[in-house]
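Asks: As annotated in TrEMBL:
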type	residues	note
BINDING	Asp71, Gly85, Asp87, Ser89	Ca(2+) 1 binding site
BINDING	His194	heme b binding site
DISULFID	Cys26-Cys38	disulfide bond
DISULFID	Cys37-Cys303	disulfide bond
DISULFID	Cys57-Cys139	disulfide bond
DISULFID	Cys267-Cys335	disulfide bond
SIGNAL	1-18	signal peptide
SITE	Arg66	site 'Transition state stabilizer'
Amino acid sequence: MLTTTFALLAALVTISDAALTRRAACPDGNMVSNLACCALFPVLEDIQKNMFADDTCSDAAHTALRVAFHDAIGFSKTQSSFGTGADGSIFIFAEQELSYDANLGIADAFNLEAPFISNHTIGVADFIQFAAAVSLTRCPGVLRPTFMFGRVDAKAPAPDGTVPEPFQDVKTILARMADAGFTPAELVALLASHSIAGADDVDPNLSGLPFDSTPSVFDTQFFVETQLRGTLFPGTGGNQGEVESAVAGVLRLQSDSLLARDSATSCLWQANVNNQAFMASTFQKAFAKMQVVGQNAATLIDCSDVIPEPPVLSASAAKAFFPPGLTLSNVEQACSSTPFPNLPTKSGAPEHVPSIVPDPATAGACQDDGSGCVAKFTKPA
Ligand code: HEM
């Protein structure tokens, strides 16, 4: 009897806790845990309808995700001159930062997002990270990203050299990431983003070259396919930062190839293969950390409840495979402690993965050398 009463009381406490956590009504009727988060709903509605429109984890979503990394990584634990992290500097000082080699192509993000930033009261840094979190919710397989609100916008640009380059060696890349506060495991977790990505500028003659055969699905194919022996280039090859890939139409970055094979990271890389839950949860955590780099987390407000639920990836669709014609014998085993999982080979003839179609809104006055990348970012009253 006593046990039943305790159980009932415990259940009531749990229910009232849940009710207390999430009960404030915004003027537009949305419910939030903190009224400050209400400011995000007009932004959400606008970018969902007009910026991402009918993008189903394609060019606009990829573009919004990449710029969030390039902005955040402008930070160093040891040198204050490297910037204040996820601070919007990449857009606020776009003419300077977008002229850096590593930011080639970020002009697309400026053209896509700048017209929306001035229409809303939230800061530039918050906008970049919010748009990235929302972009992820277009991608099946992602676990709902968190979102912290209230970043302080940059007063100065980040210097050149904070963003890792695809032609750098593993030691250099890991050192840069460590200096910004990320472990090798967190870098590998973040690189799950290359599962929904491609290159416009690595091969100057071809754009929209995907990094795996499923660039609109946040699945583990990227980790499978980067471990396969490279045999071909999507174009003529010979480009800095590019190595041979295993699937026609797919571009492999030299940095991804090296990280997949280096003893410091190869087992971390392989751990993602055919392990959707692991990949999604480690990415969710590392991405949350990336989004607040350099900011005072104590002053930020948790507005995660504003972020929509991403589309579900069914268990069968999440199953990794070897691309048509390829098997375990094509794997370049690098992790010395665990054998690469044997996977089924997708049936059919070897495919030529189509390029990602560019979103017209990524073209505009802002150019790849940083020229024309000016916006006032004045805020509505
Ligand atoms: C070692 C670290 C990294 C290197 C060297 C690297 C390099 C690159 C390069 C060269 C491209 C192609 C750019 C182009 O030609 O258009 C690219 C695309 C991309 N990267 Fe990374 N990246 C790194 C880490 C990250 C991280 C941590 C994220 C996000 C959390 C990210 C997200 C993306 C996305 C989404 C794209 C596709 C952009 C688009 O299609 O518009 N990358 N990356």
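Including glycine, each Cβ sits where the backbone N, Cα and C put it.
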Asks: Listed recorded positions are Cys38, Cys57, Gly85, Asp87; which sit with C-beta under 6 angstroms of ligand 1?
Replies: none
Asks: How many Å separate the Cα atoms of Gly85 (Ca(2+) 1 binding site) and Cys37 (disulfide bond)?
Replies: 22
Asks: Long-range same-chain neighbours of Asp87 (Ca(2+) 1 binding site), Cβ under 8 Å, sequence gap at least 6?
Replies: Asp71, Gly74, Ala125, Arg151, Val152, Asp153, Ala154, Gly294, Gln295
Asks: Measuring Cα to Cα, tell me the gap between the residue listed as 'heme b binding site' and Arg66 (site 'Transition state stabilizer') in whole angstrom.
Replies: 9
Asks: Can you tell which of Cys37, Cys57, Cys267 has the most other C-beta atoms within 10 Å, given these are the disulfide-bonded residues?
Replies: Cys57
Asks: So what sits near Cys335 (disulfide bond) in its own chain, CB-to-CB under 8 Å and at least six residues off in sequence?
Replies: Ser266, Cys267, Trp269, Gln270
Asks: What are the other residues, in sequence order, whose C-beta lies within 8 angstroms of the center of the C-beta atoms of Asp71, Gly85, Asp87, Ser89 at the Ca(2+) 1 site?
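Replies: The answer, listed by sequence position, is Ala72, Gly74, Phe75, Gly83, Thr84, Ala86, Gly88, Ile90, Ala125, Ala154, Ala158, Val293, Gly294.
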Asks: Do you know which of the recorded positions Arg66, His194 has the most other C-beta atoms within 10 angstroms of its C-beta?
Replies: His194
Asks: Need this for a regression test: recorded positions Arg66, Ser89, Cys139, filtered to those with Cα within 10 Å of Cys37 (disulfide bond). What's left?
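Replies: Qualifying among Arg66, Ser89, Cys139: none.
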Asks: Of the recorded positions Cys26, Cys38, Ser89, which one has its Cα closest to the Cα of Cys139 (disulfide bond)?
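Replies: It is Cys38, whose Cα lies nearest.
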Asks: Can you tell which of Cys38, Gly85, Cys303 has the least company, meaning the fewest other C-beta atoms within 10 angstroms of its C-beta, among these recorded positions?
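Replies: Minimum Cβ neighbour count within 10 Å, taken over the recorded positions Cys38, Gly85, Cys303, occurs at Cys38.
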Asks: Have a look at the recorded positions Cys26, Cys38, Ser89, Cys303 and say which one has the shortest Cα distance to Cys57 (disulfide bond).
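Replies: That would be Cys303, the closest of Cys26, Cys38, Ser89, Cys303 to Cys57 (disulfide bond).
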